[in-house]
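Quick notes on the structure that follows.
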Amino acid sequence: MERIKTDICIIGAGSGGLSVAAGASQMGAQVVLIEGHEMGGDCLNYGCVPSKSLLASAKAAYGMTHPGDLGIAPAEPQVDYAAAKAHTRRVIETIAPVDSQERYEGFGVRVIRDWARFVSPTEVQAGAISITARRFVIATGSRPFVPPIDGIEDVPYLTNETLFDLSERPEHLLIIGGGPIGIEMAQAHIRLGSRVTVLETGKALAAHDPECAAIVLNRLREEGVEIVEGAQVTRIGSEDGSIIAETADRTYRGSHLLVAAGRRVNLDGLDPEAGNIACDKAVRVGDDLRSVTNRRVYAVGDAAGRLQFTHVAGYHAGIVVRSAVLGMRWAKARQDHLPRATYTDPELAEVGLGEEEARRRYGSKLEVVRSSYDHNDRAIAEGRKTGTIKVLVAGGKPCGAAIVGAHAGELVGMWAMAIANGQKMSAIANTVLPYPTFSEINKRAASGYFSPRLFDNPRLKTFVGLVQKYLP
Ligand SMILES: Cc1cc2nc3c(=O)[nH]c(=O)nc-3n(C[C@H](O)[C@H](O)[C@H](O)COP(=O)(O)OP(=O)(O)OC[C@H]3O[C@@H](n4cnc5c(N)ncnc54)[C@H](O)[C@@H]3O)c2cc1C
Ligand SMILES: NC(=O)c1ccc[n+]([C@@H]2O[C@H](COP(=O)([O-])OP(=O)(O)OC[C@H]3O[C@@H](n4cnc5c(N)ncnc54)[C@H](O)[C@@H]3O)[C@@H](O)[C@H]2O)c1
């Protein structure tokens, strides 16, 4: 057996593991990176990248049938589902070199392509290689959770790991789960010509601001997606070549079934017990992202059991590099400034607290300011007036923002920056933005916070009266 001693051993070469490896190795630490499957993990191969690529094809098709009032006649798009999937593959291939074994070996990282498991609190094995390290980073990500519905294993269901390889367009896609994956893929498929039914046991897009989520769900329904909330599927089966999903009061039929019912953290095969690493649904870590039972071990990204986003995995990686490479043991992960976006049309994006939590925390001190897309000149010019922004303000500072509308994922960045840096509403209001841009929606919301203070203020009016009296 080959034996390696290293500074940092990272398990998993997805968004989190790769970011730790890049940072640590380029700062001079010795790094071993172990990947059992594809370099790039979920985001590149089965997640963000293919889903956003397919949504882009779908948006192009929708734009042809819905040109709005722009003076262009609608046209029937010739949708080639297989070609759209070829586009997603090309996008993956274009981005893949950035996550490749060769690139990381170029940084001096020893990359091992095998599955890793702990054999002791200080040692991991990957195939015939044993690695002891000063610090370990669990960056094993997550996989689709398949609910134990009667009959589900007897039908050929799809998950995000197989959907993007499907080249025949589903005639009628049944989707179990109305979270971000289910809803993004529902819109992609309805626009590419499938019929789509989403069966959601609770509320669809439940993690999002309810007002903003409702706008997205209404749009999907208008486009023809059947979204059934409160649908408890009790049995899955097949009949006459169709897949059927039974709830208490109805049977739904489709040609294909996509399971998008949440995620399971990848801990199987890792043998965390042998490493004295306490886990529940994820690795149990504190805000320092270190295992509560084995201080040599960190967890990042989906494996850390917090928000499951690529940018969060990257953020975690930065904390780990500070702590494990630079010895800044005080480095801690925050949650309050992390943006979340769902790339439907209209987009949905949030940062910071939701309204309910903000009210609990700040009570009557909380102020809510809003601005609507239909007052934004660029949105009017482009015929993209559906949308709104809601900013939660406490003590003059934004503590949360929710946006639904075109480019919401871009617009939320300004609020993420303000919250991350403890900036006041005046920081947004004082920023001069180019005209006409969608980002002026943010500024209008910030101005909305100051308007009553400036324009409905009797003391200010008296002061201005005096100034005007004495000004030469
Ligand atoms: C369909 C879909 C769309 C998404 N869209 C977005 C989006 O638009 N924006 C966004 O921010 N997030 C999105 N996400 C979430 C995002 O993909 C994940 O949060 C992110 O990939 C997590 O990164 P990670 O490093 O924790 O794990 P991963 O990227 O999953 O990487 C984990 C890696 O570890 C490897 N591994 C696991 N166990 C072992 C082991 N024992 N030994 C060796 N290797 C192992 C795996 O093979 C994998 O390569 C999406 C997810 C899905 C499924
Ligand atoms: N745009 C993005 O950034 C993006 C896109 C996709 C996914 N993601 C990430 O991936 C994570 C996972 O996404 P997801 O949509 O799979 O999970 P999710 O947990 O967000 O949503 C799953 C949904 O499935 C429902 N569900 C569970 N069991 C069910 C059953 N038996 N029948 C019907 N419905 C059932 C749940 O109630 C829930 O609403 C997200 O939380 C997000 O962090 C991000």
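In case you wondered, yes, glycine gets a Cβ from its N, Cα and C as well.
Sequence annotations record features per position, and here TrEMBL assigns FAD binding site to Lys52, Thr140, Gly141, Ser142, Asp302. For Asp302 (FAD binding site), the same-chain residues that are 6 or more apart in sequence and have a Cβ closer than 8 Å to its Cβ are Gly16, Asp42, Thr140, Gly141, Ser142, Arg263, Val265, Asn266, Ala282, Gln308, Ala313.
Within 10 Å of the Cβ of Ile181 (NAD(+) binding site) there are 23 other Cβ atoms, across all protein chains. Residues or ranges marked as NAD(+) binding site in TrEMBL: Gly177, Gly178, Gly179, Pro180, Ile181, Gly182, Ile183, Glu184, Glu200, Gly262.
Taken from TrEMBL, the feature disulfide bond covers Cys43-Cys48. The DSSP secondary structure for Cys48 (disulfide bond) is helix. Residues within less than 8 Å, Cβ to Cβ, of Cys48 (disulfide bond) and separated from it by at least 6 positions along the same chain comprise Thr310.
Per TrEMBL, the feature domain 'FAD/NAD(P)-binding' maps to 7-316.
What TrEMBL records for 339-445 is domain 'Pyridine nucleotide-disulphide oxidoreductase dimerisation'. Across the domain 'Pyridine nucleotide-disulphide oxidoreductase dimerisation' (339-445), the prediction's mean pLDDT works out to 97.
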Least buried by Cβ count (within 10 Å) of the binding-site residues Thr140, Ser142: Ser142
Distance [Cα-Cα, Å, rounded] between Ile183 (NAD(+) binding site) and Lys52 (FAD binding site): 12
Candidates near ligand 1 among the recorded positions Cys43, Gly177, Gly179, Ile181, Glu200, Asp302, judged by a Cβ under 6 angstroms: Cys43, Ile181, Asp302
Of Cys43, Lys52, Thr140, Ser142, Ile183, Asp302, recorded positions neighbouring ligand 2, Cβ under 6 A: none
Alpha-carbon distance [Gly179 (NAD(+) binding site); Lys52 (FAD binding site)] in Å: 15
